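In what follows, a structure is listed as structure tokens, so that the remarks can point back to it.
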Amino acid sequence: MAKDMDSVVQLAKHRGFVFPGSEIYGGLSNTWDYGPLGVELKNNIKQAWWKKFISQSPYNVGLDAAILMNPRTWEASGHLGNFNDPMIDNKDSKIRYRADKLIEDYMQNEKGDENFIADGLSFDEMKRIIDEEGIKDPVSGTSNWTDIRQFNLMFKTFQGVTEDSTNEIFLRPETAQGIFVNYKNVQRSMRKKLPFGIGQIGKSFRNEITPGNFIFRTREFEQMELEFFCKPGEEIEWQNYWKTFAEKWLLDLGIKNDSIRLRDHDEDELSHYSNATTDIEYKFPFGWGELWGIASRTDYDLKQHSEFSGDDFKYHDPETNEKYIPYCIEPSLGADRVTLAFLCDAYDREGVEGSKDERTVLHFHPAIAPYKAAVLPLSKKLSEEAIKVYEQLSENFTVDFDESQSIGKRYRRQDEIGTPYCITFDFDSLEDQQVTVRDRDSMEQVRMPISELNDFISEKVRF
């Protein structure tokens, strides 16, 4: 069925995946809190990323760098001087927009050009398109726009007791720079030889002009980033490797093949530090959106930090005896965006065979489902024995225990939150020590010994 964003958001709020931030005080624009099921889903996704990109990789190691860094870091990286978005205001509604996203939304949704990208356009080119197309503010309905101007995305705060320029620091806008400044520490302490990578998961902050689309674009967000260092000249080979690796990770976790596409950046769209970038985009209900950027950052970052810090970042190649600054490939994935993608991809409303009823179901891969199973006693009289099954399984998996309402309603509730297996403990279970296991997707039921449940679920959640 065609999915709409409102249905996904409504389910996410209703079933405890995501709540509006600070809701009892009227909320705070574009802030979201992950509820009990949302935090399990997101943690499972992060663990799946860490498992494949760090733990099981012969190349990569992990890091957890501080959010607050010496401000010189952001001078060296270019964020203080160049980290800007094109801003435009509608004079009638007084609402501010990112000019490039305003144009993209119009061209993709109104003109039907799904592949239109505004990145790389100059301010004059963007203003010309807005004027020539007569793009209107969706709130006021007018085309009464200001000129386009720059807007710095860094969140500024102060360290210490006085709020002056000497104590000015910033919330990091990306996790990558924490990796670059620790490059030598990691390389030396772990005795790593090229090629190798450093990955981390952490919060970043960007004062976005027009955040929106639920958790797709927020000012506080979490990144899963890998900086992979290689010999200059080998960067395109490794970029292709990580493109394939990242795409396979998504498909293996259940994302549908026709829901994603790979899009190479045009030359005029590339960031100043990149000689090649490919985005893995997902087809959200609101249109195609960037999910994963795989960029060849060349030696830009290490060169900049070498120049600003005075440290030598050259690598001594033991095979060729050469010294050079490594090139870097960066696969950067937004944890919140990919969580939204998994929610959208899993969401379905479908008819029930042999019935006029419909059910809402989240078809999560078992590896990322918030609960791997739910134990359901057929009657509350059986709860004392059924809880023993729950306790046995919860030693290895996240498991729900639900004894309220009819068994049919409990099945539907578990379908809505994406639980792959419902385990019904009935009166026969007292005698034969077997339970009925219901599959979420097929709704088929099989009888199984309680002693085999651990092995059964372990096999199903393997990734």
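Including glycine, each Cβ sits where the backbone N, Cα and C put it.
Positions annotated as substrate binding site by Swiss-Prot: Arg98, Glu174, Phe221, Glu222, Gln223, Met224, Glu225, Glu330, Pro331, Ser332, Leu333, Gly334. If you draw a 10 Å sphere around the CB of Phe221 (substrate binding site), it holds 19 other CB atoms from the protein chains shown.
Listed in sequence order, Leu153, Met154, Phe155, Pro173, Arg219, Phe221 are the same-chain residues at least 6 apart in sequence whose CB falls under 8 Å from the CB of Arg206 (ATP binding site). Under the DSSP three-state reduction, Arg206 (ATP binding site) is assigned to coil, being neither helix nor strand. As annotated by Swiss-Prot, ATP binding site applies to 206-208, 216-221, 290-291, 334-337.
Here the binding-site residues are Arg98, Arg217, Arg219, Arg337; the one with the fewest Cβ atoms within 10 Å of its Cβ is Arg219. For Arg98 (substrate binding site), the binding-site residues whose C-alpha atoms fall inside a 10 Å radius of its own C-alpha are Glu208, out of Glu208, Ala335, Arg337. With the fewest other C-beta atoms within 10 Å around its C-beta, Ala335 stands out among the binding-site residues Leu333, Ala335. With a 10 A radius on its CB, Glu225 (substrate binding site) counts 23 other CB atoms from all the protein chains. Leu291 (ATP binding site) sits 11 Å from Pro331 (substrate binding site), taking the CA atoms of both as reference points. Separating the Cα atoms of Pro331 (substrate binding site) and Glu208 (ATP binding site) is a whole-number distance of 22 Å. Note: the CA-CA distance between Ala335 (ATP binding site) and Gln223 (substrate binding site) rounds to 5 Å.
When Cα-Cα distances from Gln223 (substrate binding site) are compared across the binding-site residues Glu208, Arg217, Arg337, the shortest belongs to Arg337.
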